[in-house]
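The feature disulfide bond is assigned by Swiss-Prot to Cys29-Cys77, Cys43-Cys92, Cys46-Cys130, Cys54-Cys108, Cys58-Cys110, Cys113-Cys120, with similarity to another entry given as support. Sequence annotations record features per position, and here Swiss-Prot assigns N-linked glycosylation site to Asn33 based on sequence analysis. What Swiss-Prot records for 1-20 is signal peptide.
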Amino acid sequence: MEMLQGLLLWLLLNVGGVWASRGPLRPLCRPINATLAAENEACPVCVTFTTTICAGYCPSMVRVLPAILPPMPQPVCTYHELHFASIRLPGCPPGVDPMVSFPVALSCRCGPCRLSNSDCGGPRAQPLACDRPPLPGLLFL
């Protein structure tokens, strides 16, 4: 009887783990469209634009006994292939570079967070907050 209970518990945990990691409520790491903002302190406006970023769920594990073993690295959804695009901020005074470059995700992967091409800080309360008045309506993909 104990063996049957152990087998049932093992089955439930494994099936539940597979369901949770592949469930419809957790979209996997992939490129998605996002609206971002760009500004320069010397220019009079903030420009919003649409680009492709990496977002989604990456399977991860947490140690049961964290005090005994070091923490496991947690993968994040990050760029696999990308190219850079640029926009020009209007109204910048002479001598100020009006160009702002940004990454455009072509494909994504789960891996370690690299500060050289990713923001590893997590979600922001106001990702589009600008200090300058907005100039909406630009679309870049």
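In case you wondered, yes, glycine gets a Cβ from its N, Cα and C as well.
Distance noted between the C-alpha atoms of Cys110 (disulfide bond) and Cys77 (disulfide bond) is 5 Å. Taking the C-alpha positions, the distance from Cys108 (disulfide bond) to the residue listed as 'N-linked glycosylation site' comes to 13 Å.
Here the C-alpha separation of Asn33 (N-linked glycosylation site) and Cys54 (disulfide bond) works out to 9 Å.
Neighbour density at the Cβ, taken as the number of other Cβ atoms within 10 Å, is lowest among the disulfide-bonded residues Cys29, Cys43, Cys77, Cys108, Cys110 for Cys110. Taking the C-alpha atom of Cys92 (disulfide bond) as reference, the shortest distance to any of the disulfide-bonded residues Cys54, Cys58, Cys77, Cys113, Cys130 belongs to Cys130. Using Cα positions, the member of the disulfide-bonded residues Cys29, Cys54, Cys58, Cys77 nearest to Cys46 (disulfide bond) is identified as Cys54. Counting in whole angstrom, Cys43 (disulfide bond) lies 12 from Cys130 (disulfide bond) by their C-alpha atoms. Within 10 Å of Cys29 (disulfide bond), counting C-alpha to C-alpha distances, fall the following of the disulfide-bonded residues Cys54, Cys58, Cys113, Cys130: Cys54, Cys58. For the pair formed by Cys113 (disulfide bond) and Cys77 (disulfide bond), distance between Cα atoms is given as 8 Å, rounded to the nearest Å.
Sequence-distant neighbours of Cys58 (disulfide bond) (same chain, six or more apart, CB under 8 Å from its CB) are Leu28, Cys29, Gln74, Pro75, Val76, Cys77, Cys110, listed in sequence order. In the structure shown, across all protein chains, Cys46 is the one of the disulfide-bonded residues Cys46, Cys92, Cys130 with the greatest number of other Cβ atoms within 10 Å. Neighbour density at the Cβ, taken as the number of other Cβ atoms within 10 Å, is lowest among the disulfide-bonded residues Cys54, Cys113 for Cys113.
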